[in-house]
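Only one structure is covered here, and it is reproduced in the block below.
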Amino acid sequence: MANTGDGIILGLDPGSRATGYGLVRERSGVLELVDAGVVRTTSQPDFPSRLGVIFTAVAELIQRHGPAEVSVENVFVSKNAATALKLGQARGAALAACAVAGLSVHSYEPTVIKQSLVGTGRAEKSQVAFMVARVLACRETFAVDATDALAAAVCHLNQRRLTRLCGAR
């Protein structure tokens, strides 16, 4: 099992072709970027192999960074049933790796994540990317999937802060 003493949050943006990840920690009230990137599965010959790559990559991230919790965006419901099913299976592969590691997973609606970072649930991806860079004080530009994963992690840290401020559990 991974070391979970550092307060790192693993944000995930699962997809069947590209799964974004972002690791963020809070130190003395300041959010810090730990790592971010994208797991690409397009080189795999079939869909089950892609799911295996996602599971293994997330398990390796957990082992390497020892996050305390996981934050993931809720599945966007597509009009295309086959696409929605594949997205759900990719999400399941990522979350199974989290479950095996004993991590608690927190899911947020896309509008909640956008509201948490930008102040409106209807924000554009470019606005979210801008705020992720500002909040984490990083100049690096990330792929959209990694930015979405970082946004999920920051959202969860913001929600934890609000919970502490309100005195709720």
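Cβ coordinates come from backbone N, Cα and C, glycine included.
Fair warning: this is a prediction, and the values are worked out from it, not measured in the lab.
The active site annotation in Swiss-Prot covers D13, E73, D145 and rests on sequence analysis. Annotation comment: Swiss-Prot describes D13, D145 as Mg(2+) 1 binding site, evidence class sequence analysis. What Swiss-Prot records for E73 is Mg(2+) 2 binding site, and it gives sequence analysis as the kind of evidence.
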DSSP state at E73 (active site), helix/strand/coil: strand
Cβ neighbours of E73 (active site) where a neighbour is any other Cβ within 10 Å: 23
